[in-house]
């Protein structure tokens, strides 16, 4: 056991990254104590998200995502302390008040879910599934309009299942994580076709580093969609591939036109990524310590999804042309309905460099990169509660039906510390997304003219 300075922790991380030394320590600061978590990385239930805070202060991200029992596991990797003169982080007063809010909300029971609410939500979703299937079975062979209606309802069903799987896998509904994971596998895997482990690996990393260039996978969509000037540096990544550079530049320059067509295939892309993720050796491209263990239940859940989906088309619709229409419409409707909400959550908000992220406290990152959408019955339902995006990022295991209770307190605290808290409507927020895409396109155009 020894004492460390914060600069030593950062230097150790930089050395491990540059040398790729398999024995170099993975040092992380939590509550002014230092832990070497290299040996724990392969066993981390949340996957590779743990790597986002190596060399950094992970106090708030650890507290936000872990139950009390996790402290016992963490103690096994304790190696020292931060020296007294180097304790605390920038804007610590604001972070301390957010922590106090979390304690207050816990004492008020805001972390306890309404099982009746979620039972209704699950039942409503299954009704959408049944309605889509009934229409396909009753009129799928005689009416192309019925095929389109059935497929559209199915796309809506998938979108709403996405929000419910999100809640269960964030452990908003059950304190016992076994039940959260089980419902997540059903709603996310069987119903929607998304791998829970793939989603956790991707989504937890997003929560740990929202809109951080080079770390947040949700903005790593270049050149299909490019969200910041940071990503334009990738034009020079393939200097010998002139055709690839031309295609990349073409996509960025015209991305506002391609936005909705690209979203139409977003769900299919995520389904394919899920299948590849759970296949044997499907994560071979990842460092061994960052690979997520895949259960047989999860693999079976994806098999069951594609079984019922294909059976619906080939048993009830049969006509090749109508099957193609059903497939394309269901994928496009869900892809757009999901991605429109995802874009509202963070796209068009500030993108932060890794260097800026190091100097910024965890909670400020969550707030300034998120966008709340003003609540209404439609907005709350359509977005699955993610219109309270800032509140969700601050308190991710709080059930969505309690966000409206805490929003005033969060907004007031942000105003007190002059932390930008951005709220808009669905249409205005989407306009902001398009405006940002246009700004990046103009930057790419200027870059092309100067080269």
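Even glycines carry a Cβ here, placed using N, Cα and C.
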TrEMBL annotation of transmembrane segment - which of the ranges 143-166, 215-238, 335-358 it falls on: 143-166
Feature transmembrane segment in TrEMBL, mapped to one of the ranges 90-111, 112-133, 178-199, 376-397: 178-199
Candidate ranges 50-72, 257-279 [criterion: TrEMBL lists as transmembrane segment]: 257-279
Given ranges 300-317, 408-425, 426-443, the stretch to which TrEMBL attaches the annotation transmembrane segment: 300-317
Counts of helix, strand and coil residues, the domain 'Cytochrome b5 heme-binding' (7-83), according to DSSP: 41 helix, 14 strand, 22 coil
Positions whose Cβ lies under 8 angstroms from the transmembrane segment (143-166), at least six residues beyond its ends: 118, 121-122, 124-125, 128-129, 131-133, 135-136, 183-184, 187-188, 191-194, 196, 199, 203, 267, 317, 322, 325-327, 329-335, 337-338, 341, 383-386
